[in-house]
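*Asks:* Below is a structure I'd like to ask you about.
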Amino acid sequence: MARTVREDNQITGTLQNVIFSANDSYFKILSVTVNKTDLEDWDEEGIIVTGTFASVKPGSTYAFYGQLVTHPKYGQQFQAARYENQMPADEKGLVAFFASGDFPGVGKKTAEKIVDHLGQDAIDLILADPSVLTGLVKPKVAADLAEKLQENLGLEKLFLLGHQIGLSADVAGRLFDHYGEAAQEVLQKTPYRLVYEFDGLPFKKVDAIAKQAGFPDDHPDRIQAGVYAGILNACYSAGHTYLTVDQALAAAQSTLQSNSSSMQIAIDQALGALVSQERLVYEDGNYSPTDLKGAEVLVSSKVKSLLTAKSAVQTTPDLVDTTFVVPENLDLDEVQRAAVESALTNQVFVLTGGPGTGKTTVTKTLVATWEALVRHQAQSQGRDKEWVKQNRVRLASPTGRAAKRMTEITGYEATTIHRLLGITDGDDAEFDADNPISGGLLIIDEASMLDISLAESLFAALPKGMHIVLVGDADQLPSVGPGNVLYDLIQSQVVPHVALERIYRQGKGSSISALAQSINAGILPRDFQENQSDRSTFLSTADQVPRAVSQVLQAAVKKGFTANQVQVLAPMYKTPAGVLALNQIAQDLFNPVKSGQKTLQQGETIFRLGDKVLQLENDSERDIYNGDMGQVIAIHYKKEPGVAADSLVVDFDGQEVWYTSKTLNQLTLAYATTIHKAQGNEFKLVILVLTGQFKIMLNQNLVYTAITRAKESLVMVGDYSAYEYAATHPVPVRQTFLQELLVDQQNGRRATRAKQADSRVGQLAEHQGQTVDCDGQTTNLDSQSASRADRLGTQQSQTTAVRQEATQQPQTADALSAESDQRSLISSSQQKPAVQTPLAADQVAGESGLTTVTLAQAMADPMIGMADLKPADFMPESR
Ligand SMILES: Nc1ncnc2c1ncn2[C@@H]1O[C@H](COP(=O)(O)OP(=O)(O)OP(=O)(O)O)[C@@H](O)[C@H]1O
């Protein structure tokens, strides 16, 4: 976690040299000769100063404001919160400054000429009006000099301004990168444009900057930006692609923190202005952010055009039938076979099914049959190798891990969708409508994770004759980003779709599949608490969770499970039963501190050599993605020979990625993760924690997604009533247009609306105002300083910041959860608290009329050796 650097002390000194300069930020380490300081007892001539600096020049004098810190490895150094360039005070110094070699074409003589003519204010005069140099130096030299001065001093001034208005130096640096010289003017004159143009600054922050610049609350720029940010936040927070007028109004009012009648009128005007500026689209009483609406329109029209397109490879039912290849000689059932036929005879096809229903089997059959079809036609039609290559199978998935699994299963190379499309951060995709991807059949796995923006990029880049097959589990959580792509494609009934329902998995994992199906149907099965060969349930209160998880993990370690095979899942980050706390417990068990072990600290996380870690954001340049898991395989310290900066090396399934202080905030411990982050991943043993504290997040899809991450074994810890609540509450409905756009306009519009309205009743009411990031980030962000969010400066940080804003009122997860929810859940008649002894269990059962699993029974579970534990082990220390 980033801490604000205090400004306790000051050093004025001459820069000797820049020891380190990060190439992806303005962070530098300087060696400085101290001229003056108020540091007590500092009697050394030189000092190391760290911080964010513009292009500081050796020989120049600076005043640094900050504090003395003791670095564990490098000893005492001065951490600068800000600095000021002590411009040369006299003419001699000015001449030296201009002749420093920094300004092309300016030597000592020219420098003297400039100073002679312009005097001691030469720098300010040139900055204000570069034409003062006319006649003194050649036009090219004058232009270069003015530009260099502005570049150096402009950034320094921006740092200073940023400091005054509460912007971190990192954000100031990024603003300078984005707007150049104009950054200062943007901050002072048109700050609200940052809401539309600059990632990583939430509306609240922009609003504070604008206030300092003198913008009144009723300024039209403020209202427009607030309305836009409010609508965008609400869409990202709930996954909607549009809001009704009432919802848009509520979002705007809550962002602008006013519902006065004059504000109402101003918001109406702002909505009109935003529509005419094409930032919002208004249609049929709904407002959509233009990009989201555009994405839905593109996906629907592309799907429609694909549906009537001609395949580049002939795939008539007869041909498919005669070429059918089933790997491993499995006997596909009728539905599975129909899925293969439909997938190959249609240009767009959706295959869904729960765990163990044969999605992978069908995928393998598809790939083999397609290959056979292409080979057969190449032969019969005399096609060359190039044609075969042009029509090859392509496989992709939203996550790296799922792509890797696809490769292992099919033997074909699978990639992330980002990589397939050549999407690199900040740049447009390499493959798009003008430069489509190649291939004859594209299979996308984990399609439930596809949000509308990624779907837009994907569909835009498909060539005309290509077949696309989307494979997924429709009952998993919807995508983190807005949109409901898989659901809408299915519900539209425009796209051919087969749902596999028969579970084939036998042995390990089979009772997990059955449990998943039951939860999917809204029922917590009777045998929920009965230990099965592959799953068990440990009831415990929220307080008892850390202890219980610790004991389960200890047993798992004893049984020989490795960190990679075990995954602890919880809905949110905070609370003692949340991801952060559980990670600490698991880290100490799987990778305890060893003497001499190398560690590297980032905020409150201490990474140890050997740790299991999780990438938190997409970094397409380095080909690592949000949700990727890896292991720390090396830690290097700067003091070591040949090492430029403290760094940590992570092995992501054979791909080594380096992290320095600048990128380490993309990484966290991965022993425990949120359920959202685990999507697309599977583990041998999953330990799932649900308690009443997480009520705001609980729903069928969440718990279904969590338990289906378990390939072989599942241990469920927490409140019975939390599981029951989750099983009986479907995921909140997403408001999207895609389904409607896909359906024939006349027939579809009314029917779809009616359907949506029906299912929304109750659900929307229930979730009104409970806008919480679906990754539980709201709580996580609470624990992060604004400067950390600033520093992230990525789309993700914008999104999370955006989402955090959407929870304006203290109805954040934490405010809503904690005690009140806990109490309401515990008071539920279905609550079955963990009990200490069989006697107590009987008592509880007797009193409540419910059956209760005792801890002793639970611990006798043979699966992970619970018999090793004692009942007292599950009790909090204080008992
Ligand atoms: N028609 C079938 N006859 C016999 N066994 C089958 C059939 N279909 C699938 N299976 C077997 O069932 C098991 C699960 O199938 P598969 O892995 O294809 O399901 P899945 O839907 O991909 O599951 P998951 O999503 O959990 O990975 C496999 O062992 C597979 O061989």
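Just so you know, glycine gets a Cβ as well, placed from its N, Cα and C.
Straight from TrEMBL, here's the annotation block:
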type: DOMAIN; residues: 10-88; note: domain 'ATP-dependent RecD2 DNA helicase OB-fold'
type: DOMAIN; residues: 154-242; note: domain 'ATP-dependent RecD2 DNA helicase-like helix-hairpin-helix'
type: BINDING; residues: GLY356, THR357, GLY358, LYS359, THR360; note: ATP binding site
type: DOMAIN; residues: 582-652; note: domain 'ATP-dependent RecD2 DNA helicase SH3'
type: DOMAIN; residues: 669-717; note: domain 'UvrD-like helicase C-terminal'
type: REGION; residues: 749-841; note: region 'Disordered'
type: COMPBIAS; residues: 768-814; note: compositional bias 'Polar residues'
type: COMPBIAS; residues: 823-834; note: compositional bias 'Polar residues'
*Asks:* What's the most sparsely packed of the binding-site residues THR357, THR360, counting other C-beta atoms within 10 A?
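*Replies:* Comparing Cβ neighbours within 10 Å for the binding-site residues THR357, THR360, THR360 has the fewest.
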*Asks:* 10 Å Cβ neighbour count around LYS359 (ATP binding site)?
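*Replies:* LYS359 (ATP binding site) is surrounded by 20 other Cβ atoms within 10 Å.
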*Asks:* Among 10-88, 154-242, 582-652, point out the range having the most Cβ pairs under 8 angstroms from the domain 'UvrD-like helicase C-terminal' (669-717).
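*Replies:* Of the candidates 10-88, 154-242, 582-652, 582-652 scores highest.
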*Asks:* Taking the mean position of the Cβ atoms of GLY356, THR357, GLY358, LYS359, THR360 as the ATP site, which residues outside that list, in the same chain, have a Cβ no more than 8 Å away, listed in sequence order?
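*Replies:* Residues close to the ATP site, other than GLY356, THR357, GLY358, LYS359, THR360: GLY353, GLY354, PRO355, THR361, VAL362, LEU500, TYR504, ARG505.
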*Asks:* From the DSSP assignment alone, can you count helix, strand and coil residues within the domain 'ATP-dependent RecD2 DNA helicase-like helix-hairpin-helix' (154-242)?
*Replies:* 69 helix, 0 strand, 20 coil
*Asks:* Let me know how many other Cβ atoms fall within 10 Å of the Cβ of GLY356 (ATP binding site).
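*Replies:* A count of 23.
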*Asks:* Give the helix, strand or coil assignment DSSP yields for THR360 (ATP binding site).
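*Replies:* For THR360 (ATP binding site) - judged by DSSP and reduced to three states - the answer is helix.
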*Asks:* Around GLY358 (ATP binding site), how many other C-beta atoms are within 10 angstroms of its C-beta?
*Replies:* 23
